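Once you've had a glance at the structure underneath, I'll fire off some questions.
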Amino acid sequence: MTVDSSMSSGYCSLDEELEDCFFTAKTTFFRNVQSKHLSKNVCKSVEETRRPPTLQEIKQKIDSYNSREKNCLGMKLSEDGTYTGFIKVHLKLRRPVTVPAGIRPQSIYDAIKEVNLAATTDKRTSFYLPLDAIKQLHISSTTTVSEVIQGLLKKFMVVDNPQKFALFKRIHKDGQVLFQKLSVADCPLYLRLLAGPDTDVLSFVLKENETGEVEWDAFSIPELQNFLTILEKEEQDKIQQVQKKYDKFRQKLEEALRESQGKPG
């Protein structure tokens, strides 16, 4: 899987997401993982309950796809029935990611040799990825959602647990924009082939994986300590709010009591 990129220069403000800065807990991806080897030609989507397409059907779909692709980013069919092509992933991460601190940028040599620069230091720092960043990935028909997520994190040298992220497909239906979370076993290139090259019909978005149930093992010790700090601050704020509320209530009761005692009986 190879990666190309284009991104905006703007960074989102920390103040924009204060209300949910704590709720970054994620659940496991691996509840209903399907085997990636169910079909050699294609991984089955949740929506695709029909039989896997034949080699001839795949070839016809690829020919149709390439005839509509205007940016020289067509798909290529291999002799073994697999195929390769490109997808674009929009990064919509509202919270900071964790990256190694104080290391040099990745060189071409590092990329070719697959050098893991993140493993060269234990120092970590956090920052916000550009909210409108777009990554273009060259993948195969057998590349799964899980592998796409891991490839994106590796490209940005993000050391957070991949289970904290999820890949969504964005579609337009009845005048509305809808997001559907993909299974880790889904194959994005197959979904791209079915939808065609128009990204207005289908696009992919990387977001935080929020399913409500907390899996604390997915977080590092510094992250957990940070959560405790945030909780303590929120607790003190709530205590002060409650104290002020009851102090004001007590004051009104005392005033009413004095007024009633001052009246002639």
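Yeah, the Cβs are placed from backbone N, Cα and C, and that goes for glycine too.
Where the annotation comes from TrEMBL, it is an automatic prediction and has not been curated.
Values in this document were obtained by computation on a predicted structure and should not be read as measured data.
Relevant sequence annotations retrieved from TrEMBL are reproduced here:
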- 125-211: domain 'Ras-associating' (DOMAIN)
- 213-260: domain 'SARAH' (DOMAIN)
- 232-259: coiled coil (COILED)
Summarise the domain 'SARAH' (213-260) as counts of helix, strand and coil residues per DSSP.
43 helix, 0 strand, 5 coil
Which whole number is the mean pLDDT over the domain 'Ras-associating' (125-211)?
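Averaged over the domain 'Ras-associating' (125-211), per-residue pLDDT gives 90.
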Per DSSP, what is the residue count of the domain 'Ras-associating' (125-211) in each of helix, strand and coil?
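The counts are 22 helix, 32 strand, 33 coil.
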